[in-house]
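Features as listed in Swiss-Prot:
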- 1-28: signal peptide (SIGNAL)
- 23-229: region 'Interaction with GRB2, ERI3 and SYN1' (REGION)
- 26-109: region 'Disordered' (REGION)
- 51-59: repeat '1' (REPEAT)
- 53-93: compositional bias 'Gly residues' (COMPBIAS)
- 60-67: repeat '2' (REPEAT)
- 68-75: repeat '3' (REPEAT)
- 76-83: repeat '4' (REPEAT)
- 84-92: repeat '5' (REPEAT)
- 85, 86, 87: Cu(2+) 4 binding site (BINDING)
- 178-213: disulfide bond (DISULFID)
- 229: GPI-anchor amidated alanine (LIPID)
């Protein structure tokens, strides 16, 4: 890791040194009294790169005779007769659009639901709600339960509740806690809606949630490892020296 940091430092020092020298070189032409024309309307030996825009006689910015900025006769900025800045009859731009329904407002319930995944759920003692998952394909060892699961999988949760992985000593502890809280919350919510779960439902739901909790643990463990690796990389002395040097070049 240290050798890699030193090589990165040497590479960026060489690159930014060349960039710093380039910044100090004067730019030819284009300035005041430097011989170049910075404005398209002025003649130059090479011709005009930006020819003047417009339409027919007396048309500034295109349009018919006497039309500023295009549009019909007597229309400033385009639109129908008597329409300033376009719009329907008697409409001043986008204001006072008579007779048009207002735009639908975004439901705050939808916004809250979209931001729920990965956030701490209030009232559950620090548990977070995971992202939605596809329900796993599980074989339960007999045709009846396999068929029952296929026909009723929509009744089972597709998200799990969990705490951060650093609060557990191993995967089994995480999964056990995750299954218990998820099954409990889903059962209470479903019962409140007037539905009931049978013993078969509970058995199948525990298996399904267990697989989802294992997946959640793997995702959280990988994310925690990547965060730790990033902190370790940026805390190494060569990288700190490199960042300090880059800041010096940018500011200077």
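The backbone N, Cα and C atoms fix where each Cβ goes, glycine too.
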### Summary
Under a three-state DSSP reduction, the secondary structure at residue 178 (disulfide bond) is helix
### Task
Looking only at the region 'Interaction with GRB2, ERI3 and SYN1' (23-229), report the model's average pLDDT.
70
### Task
For residue 213 (disulfide bond), just give me the three-state DSSP call.
helix
